[in-house]
Amino acid sequence: MRYGEKEIKEFDVENMEIWPNDAKNDYIIKITLPEFMCCCPRSGYPDFATIYLEYMPDKFVVELKAIKLYINTFMYRNVSHEASINEIYNTLKDKLKPKWIKVVGDFNPRGNVHTVIECRSDMVVPK
């Protein structure tokens, strides 16, 4: 097993590295992860997406290698577009407890269908 595979397989989300946020100002962190992959729970075929993560930290920020490893743990999992983005959102919201957070998964088209999933802490339900 190569070292990258080992790091991904051994990654434990419970021990995701987070750092204290010592900044006194409010600011937004924007992270783009253009190589997201998970497997379709029905067919097992790979699904690819770009993940856009934005958040306004409160007391904590995520270490960038930790978010990369966490995102890469999805590559061998059979999980839907919706479930993967909701899981990423919930995990980061619970770990970081940010003032505001948004996670968007922009999935590559499959079978002429393009899907974008968005979770955000200020979601307003349309009437």
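Note: Cβ is positioned from N, Cα and C throughout, glycine not excepted.
Quick look at what Swiss-Prot annotates:
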ACT_SITE  CYS40  active site, thioimide intermediate
ACT_SITE  ASP47  active site, proton donor
BINDING   VAL62, GLU63, LEU64, HIS81, GLU82  substrate binding site
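The structure, with features from Swiss-Prot marked on it.
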| residue | record | CB count, 10 Å |
| --- | --- | --- |
| CYS40 | active site, thioimide intermediate | 14 |
| ASP47 | active site, proton donor | 21 |
| VAL62 | substrate binding site | 23 |
| GLU63 | substrate binding site | 13 |
| LEU64 | substrate binding site | 11 |
| HIS81 | substrate binding site | 19 |
| GLU82 | substrate binding site | 12 |
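The secondary structure of ASP47 (active site, proton donor), as reduced to three states from DSSP, is extended strand. Between the CA atoms of VAL62 (substrate binding site) and ASP47 (active site, proton donor) there is a gap of 25 Å, rounded to the nearest whole number. For the pair formed by GLU63 (substrate binding site) and ASP47 (active site, proton donor), distance between Cα atoms is given as 25 Å, rounded to the nearest Å. A 10 Å radius around the C-alpha of CYS40 (active site, thioimide intermediate) takes in these recorded positions out of ASP47, LEU64, HIS81, GLU82, in sequence order: ASP47, HIS81.
Of the residues the record lists as binding substrate, namely VAL62, GLU63, LEU64, HIS81, GLU82, the two whose Cα atoms sit farthest apart are 25 Å from each other. In this structure the alpha carbons, written CA, of HIS81 (substrate binding site) and ASP47 (active site, proton donor) are 8 Å apart. For the pair LEU64 (substrate binding site) and the residue listed as 'active site, proton donor', the Cα-Cα distance reads 23 Å.
According to its DSSP assignment, HIS81 (substrate binding site) is helical. Of the recorded residues, GLU82 (substrate binding site) and ASP47 (active site, proton donor) place their C-alpha atoms 12 Å from one another. Under the DSSP three-state reduction, VAL62 (substrate binding site) is assigned to strand.
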